[in-house]
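**Student:** The transmembrane segment annotation in Swiss-Prot covers 26-46, 74-94, 97-117, 134-154, 168-188, 199-219, 236-256, 263-283, 288-308, 338-358.
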């Protein structure tokens, strides 16, 4: 929004040209989201407490989690508000990338909100029926996938980038829709499964978003894109604003979500943030890289799939409890140790993912 105002004011003073630089607006976007989260966080927590919107804790979970019962949840509303305000202020509203991301965050945030509302307000421990949640996620993801395929302006927007191989970038055609669908829905649910400990999901989300900010910036510049053998995607620089807004909002939320948490993000936060990461990966053609950098999310998801599959096929469980972070809790690891070690793994995987841009 302010880009247009700055463009007009440039007629009177050339100093306003600085707002045309993506990097400058990205920094302002990060700071805006961060300050907004830190400023309104306490107010939201107080409001959630007054409304008695508290976390529902499973009776069959680790005993250490029983103390979390009643902790304010749906804090993802704070994250979404910070991102929306930041992007609307500093993003180029003429960019389709911006509106795609706002739609993703809004639609998946709404699905998560309905799920949280049923759990904590209507006291329905199951929340939104899994079948309906999946149907709604699928509808939103397919809308995005079809839109991106139909509006692709150059061949690079539907190619698949394969890490470690600089000359392997197959044209996907209509398969793009299928890959985009599974990436968005898969990432959304993966982050949701990871969000089981204080700060466990938000920090890897911040790290992956920061990495994608760099990738989006490089993809938007022909010289960098050609040098790194990645698709040149004109206009993708606007995704940098979205990514840094996620980073700022996430760090601000972590201030209150770090152990012991004062607030949880709920499904309204985890489903929307996961879908956002998946969509960014699709937009910059780095779906495989998301699997690497978001390895913690993949690990959590696979642990659930293996646990359920093993129990149904063999009648035996592989882990003491799934997702896998609960397994380590039941082994006796203190919650902060599990969290920080998963963060360390995430740092390593994000750096590995960034290294693949050059290791080709």
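Cβ from N, Cα, C; glycine included.
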**Student:** Between 26-46, 199-219, 338-358, who has the most Cβ pairs under 8 Å to the transmembrane segment (288-308)?
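**Tutor:** Stretch with the highest Cβ contact count: 338-358.
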**Student:** Any chance the transmembrane segment (74-94) and the transmembrane segment (134-154) are in contact, meaning at least three CB pairs closer than 8 A with a sequence separation of 6+?
**Tutor:** no
**Student:** Honestly, do the transmembrane segment (168-188) and the transmembrane segment (236-256) touch, with at least three Cβ pairs under 8 Å and pairs 6 or more apart in sequence?
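**Tutor:** Not in contact, no.
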**Student:** If you count Cβ pairs under 8 Å, which stretch among 26-46, 199-219, 263-283 touches the transmembrane segment (338-358) the most?
**Tutor:** 199-219
**Student:** Do any residues, 6 or more residues outside the transmembrane segment (263-283), come within under 8 Å Cβ-to-Cβ of it, and if so which ones?
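**Tutor:** Distal contacts: 41, 44-45, 48, 55, 68, 71-80, 97, 100-101, 104-109, 111-113, 115-116, 120, 127, 137, 140-141, 144-145, 148, 179-180, 183-192, 194-195, 201-202, 205, 208-209, 212, 216, 233, 236, 239, 242-243, 246, 250, 253, 256-257, 289-290, 294, 297.
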**Student:** Same-chain Cβ contacts of the transmembrane segment (134-154) under 8 Å, 6 or more residues past its ends?
**Tutor:** 96, 100, 103-104, 107-108, 111, 128, 174, 176-178, 180-181, 184-185, 188-189, 232-234, 271, 275, 279, 282-283
**Student:** Out of 97-117, 199-219, 236-256, what stretch is closest in contact terms to the transmembrane segment (26-46), meaning most Cβ pairs under 8 angstroms?
**Tutor:** 236-256
